[in-house]
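*Asks:* Here it is, the structure, as structure tokens.
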């Protein structure tokens, strides 16, 4: 025992020493880069995006200046590819702490008819140019009604009357902070590639970190006569006044557009761990903490009341059945009808194998959500790591195939009283059910994006990778989980089932109305949070309150379980023993209200969304999300009801 304690103390001491070394650095997977004066800073370009169409396009699909060394793709993970991000190098050349102005980027050739048409379309559709420096998106500030508003990216151009103007001069501002000489031994990679950070022993060496990247777009009509002898990256001989309130460079077919830029470096008090605050505090991305907290308190109180009433009712019924004699029981049969269905409550449901598959896939999706949000709350999937959230979700979904296969086969054994025959087929169906639905929908949506020549389309090679992950990782793990379930003890029914099913008394209202209405309570736990999630997906806002989302998810699980239990008990009291599917959809019906909310969000919050392709893409991804939520919440309700009914009929003495 003393040896174990000693090893534990040694491990704790080493952990403390490690924490002292890293000094609380910073977001996991994200470390500062040190630049000396004159070091090259690499500006990256991302896809052009618009909230008007939700169809991203490549940066170089427009007649912008191209880098002299050629266009090169930066390191991308599968999450970035699925999100439609296309990170490429840019022609912009910065050197640390070297202020430059009136730099001529390039002199493109005259606009062709197709280029002129495409440029006008992108301006009409309000496309934004997205740039990154040291993994920080370029941010643009505007002054409106006495407030400074922050936006990522800048518009391609603007239409004034019938004339189109392009923003061809960019004033960059790079905020830097003196490098803090902490003993950091690193590793690291934040999305633009992996760089090594070594321990610095020379505390007198100068170094700086990038803590801000701002851009101010302007439309400037350059003097053509002054550009004849200027090479790329040469200096324009005339001062350029960047005035965002005026536009001058009109887009005309057959005329070229000269692009210029300037970049001052500004010392800032912003420390490196706080450099993302400007993005997280942008107007429109603020979380209304008071409203959400108030909603959570109401829902928690309501769920507690439902739980207390439910427990008291069950205890009263159990006490009656223990105390009443046989004559009194017959007199109270109508009052407490759930005991009357004792010989039918465990009768196999319709389509039992489909139910097993849906519940198993729901458990897998729920496990993926819990693990992904948990690690995101710890900071491992921060905004600094592009594509990490999608990559994490995909990885956890693949690995949790073991859980899906196990639940499906275990549930089938329970429904068939221990018969494990056909477990391999059930495992295969679980491995193909939701992934097959997702693959079919993604293929249809991807075809639309391919036809639109959008970077949002998943590349063919990525499709091949997804298929290989599906059949080489997900499917074998699911089969392994199913095989393990064949060796595990199943739930044995405490009562026998009659051969002839009991007739269900007719009810005044269809029971499915109550089942569909039950989804309103789970929906009430997340509808406020759902607004911010939808805004981050479709309006380009940064979502970062994963800790709060984790609490909401736990609350949602509790409410789904309670709602399903209450409805299952109500159905048994009216002698309705067909509770299997109803318990699944009692909590799973929350997906119906989420889909209706998605339509409402499309109509009222995405009013500028134009074109049938954009609407189909939005509804397609919303439908995929709704199916996943239905499976996850339905699995919660069904498994809770199954365990409750088994415990209920095991606790009473059946005559």
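Using the three backbone atoms N, Cα and C, a Cβ is placed for every residue, glycine included.
TrEMBL annotations: computationally assigned, not manually curated.
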*Asks:* Can you dig out which of the ranges 266-288, 289-311, 312-334 TrEMBL describes as transmembrane segment?
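*Replies:* Going through 266-288, 289-311, 312-334 one by one, TrEMBL gives transmembrane segment for 289-311.
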*Asks:* Cβ pairs under 8 Å only, please: of the recorded stretches 388-411, 423-451, 543-567, 579-603, which one is richest in them relative to the transmembrane segment (365-382)?
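*Replies:* Going through each listed stretch, the top one turns out to be 388-411.
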*Asks:* With pairs fewer than 6 apart in sequence excluded, do the transmembrane segment (615-645) and the transmembrane segment (543-567) have three or more C-beta pairs that lie under 8 Å?
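*Replies:* Yes; at least 3 Cβ pairs under 8 Å.
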*Asks:* Considering only Cβ pairs under 8 Å, which range in 388-411, 423-451, 509-537 makes the most contacts with the transmembrane segment (615-645)?
*Replies:* 423-451
